[in-house]
Amino acid sequence: MVLVQQTMSNPTETHRIQFEAQASTIPTTLSTPRPTPTTPAASIPQLTSKPPATRRPVPAPSVDKNGNIHVFDPEGKKNCALLAMGHLVTEYVNTSYCYTLEERQDMLRNMVYTLVDLFESHDIEYWIDSGTLLGSYRDKGLIWFDLDADIGLAHESFDKLRKTKITVPPRYNLTVNDSPYYDKGPYPYLPGRFIDMKTGFYIDIFEFFPSTGPVKTVQKVKYNATTVNATLFEKGNVTVRIESDKEGSVWVEITTIIRQEAELLGPVQSGCWWACVKCPEHWHFVVPRDWIFPLKRCQFDAKQVWCPSNTVEYLTMLYGDTFMTPQ
């Protein structure tokens, strides 16, 4: 009785005794065992990361029987232009660089713009030549399938180029034979070249040397045969031709050809001129000086450039009477 009364008389002590009695019955480990799964392990979905998307392999560049290279776009978004290796400086060709036909045209145009600006800013007289001249006259710009460009300089202008140090944009390289300022040009017969070092595109720069020699001077006179009496004949250097038109008129054309000595200009005889239709000698393009000078302004896409004064005769010598018809 005394013990019970003492305990009851101290509530705090009573609570302590009750807590210790309850604590002795609690397990020392509080975690409960993991339940045994009822679903087979193989059927439990596993959380895994998504595999990376695989990109289709890019075909390797292929070479055709002519040595041209077909390039493929790694992104599969472009139709890559053919790399025509015969019209590229091979050391600068990157077979992994895909550009479209339109992009090629833009790069060639910009090359022409850049080079003529450099020449004009240094008072170096030039004219666009060959296919570049044909494109200017016939299409007012670059021919869509052109692969390079051409520029001509008279000997005195080319000598000035040799002695003039021109700062060229870092993308390009100007090569000139016999100059202390530039790398050597590609060949003795082709003493200058302007190269795009990103693509291998180039502009050929020809040196035209003076000479004298016989040339044919052609004069044509046309008469309306319904009002003028004319004798039709062909003898020696005179040709008479008769034509009729839709209105019923009859025309007589008299052509007189005279050979005379003249001042000439032309580059070194070479295979660069293999396609010349009316050249006096095989691979030798030479024209009267007054077919070139004085130079005249002409249109080349968005830019005014310099062209020969008698562009029609110049192009007829190179490409024949049908030069206005695309081949």
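Cβ coordinates come from backbone N, Cα and C, glycine included.
As given in TrEMBL:
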COMPBIAS  1-12  compositional bias 'Polar residues'
COMPBIAS  25-45  compositional bias 'Low complexity'
DOMAIN    120-220  domain 'LicD/FKTN/FKRP nucleotidyltransferase'
REGION    1-68  region 'Disordered'
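Each residue in the domain 'LicD/FKTN/FKRP nucleotidyltransferase' (120-220) gets a DSSP state, and the totals come to 20 helix, 40 strand, 41 coil. Within the model, the domain 'LicD/FKTN/FKRP nucleotidyltransferase' (120-220) shows a mean pLDDT value of 96, rounded to a whole number.
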